[in-house]
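K.L.:
Per Swiss-Prot, the feature active site, proton acceptor maps to His19. According to Swiss-Prot, the tRNA binding site annotation covers Tyr14, Tyr64, Asn66, Asn112. Look at Swiss-Prot and you will find Asn9 tagged as site 'Discriminates between blocked and unblocked aminoacyl-tRNA', backed by sequence analysis. Per Swiss-Prot, site 'Stabilizes the basic form of H active site to accept a proton' is recorded for Asp91, and the stated evidence type is sequence analysis.
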Amino acid sequence: MKLFVGLGNPGKEYEQTRHNVGFFVIDELAKRWNVSLKTAKFRGLFGTASVSGEKVALCKPLTYMNLSGECVRPLMDYYDIAIDDVIVIYDDLDLPPGKIRLRLKGSSGGHNGVKSLIHHLGTEQFKRIRIGIGRPAGGQPVTDYVLGRFTEEEKPAVDKAVLRAADACEQAVKAPFIQVMNDFNE
């Protein structure tokens with residue numbers, strides 16, 4: 001089973017924030033694959049489907065960003081999901097709004113949700129799809145920026161990136177991730 005995890009924060013006040021683009025991609029995949037995301041005992045929204053003959057699972061941790069690993073590790077253990085079958089989707093300050101970048105592994109890059117995953121999974125060896133949100137301008141604190149909403153100017157590029165990231169996830173169901181990287185990295 002492939003597990004697609006979108007990082008974000010639960011609650012109405014965070015729904016459309018930059019930090020929640022991982023949730024946006026999971027919502028898009030749920031729509032495409034007709035998956036109903038339900039609250040699971042793993043402190044997250046979770047649903048499964050069969051896509052191109054492959055079993056897939058979607059997850060939106062409800063632990064808040066900095067504790068994402070507390071949801072994902074028990075889920076992987078319960079369903080016996082290998083680290084090779086996990087793809088994590090999240091926001092990246094170091095990419096401009098609308099850019100996506102796929103990686104096979106890596107450090108947290110300062111992202112607290114990814115730090116939590118690395119801590120709870122015990123490895124950096126999981127696949128990632130990073131969606132650019134850009135950096136704050138004019139000395140705005142990073143926390144305020146990531147918890148802020150996209151500007152009207154940023155929205156079209158971000159909407160396109162969410163669709164591209166979902167397309168990459170769809171391809172990753174069947175294709176080797178290295179091929180998906182070659183097709184989607186800009």
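Placed from the backbone N, Cα and C atoms, the Cβ positions cover glycine too.
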K.L.:
Here's one to test understanding: among the recorded positions Asn9, His19, Asp91, whose C-alpha is closest in space to the C-alpha of Asn66 (tRNA binding site)?
P.N.:
Asn9
K.L.:
Counting Cβ atoms within 10 Å across all protein chains shown, which of the recorded positions Asn9, Asn66, Asn112 comes out on top?
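P.N.:
Counting every other Cβ within 10 Å of each candidate, the maximum falls on Asn9.
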K.L.:
Enumerate same-chain residues with a sequence separation of six or more from Tyr64 (tRNA binding site) and a Cβ-Cβ distance below 8 A; give 'none' if the list is empty.
P.N.:
Asn9, Pro10
K.L.:
Looking at Cβ-Cβ distances, which residues of the chain lie under 8 angstroms from Asp91 (site 'Stabilizes the basic form of H active site to accept a proton') while being 6 or more apart from it?
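P.N.:
Set apart from Asp91 (site 'Stabilizes the basic form of H active site to accept a proton') by at least 6 residues yet with Cβ under 8 Å, we have Leu7, Arg18, His19, Asn20, Val21, Gly22, His111, Arg130, Ile131, Gly132, Ile133, Val146.
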K.L.:
Max CA to CA distance in Å over the tRNA-binding set Tyr14, Tyr64, Asn66, Asn112?
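P.N.:
Overall maximum Cα spacing for these binding residues reaches 16 Å.
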K.L.:
Using Cβ-Cβ distances, find the residues under 8 Å from Tyr14 (tRNA binding site) that belong to the same chain and are at least 6 apart in sequence, listing them in sequence order.
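P.N.:
Non-local contacts for Tyr14 (tRNA binding site): Gly8, Asn20, Leu147.
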K.L.:
Look up Asp91 (site 'Stabilizes the basic form of H active site to accept a proton') in the DSSP assignment and reduce it to helix, strand or coil.
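P.N.:
The three-state answer is strand.
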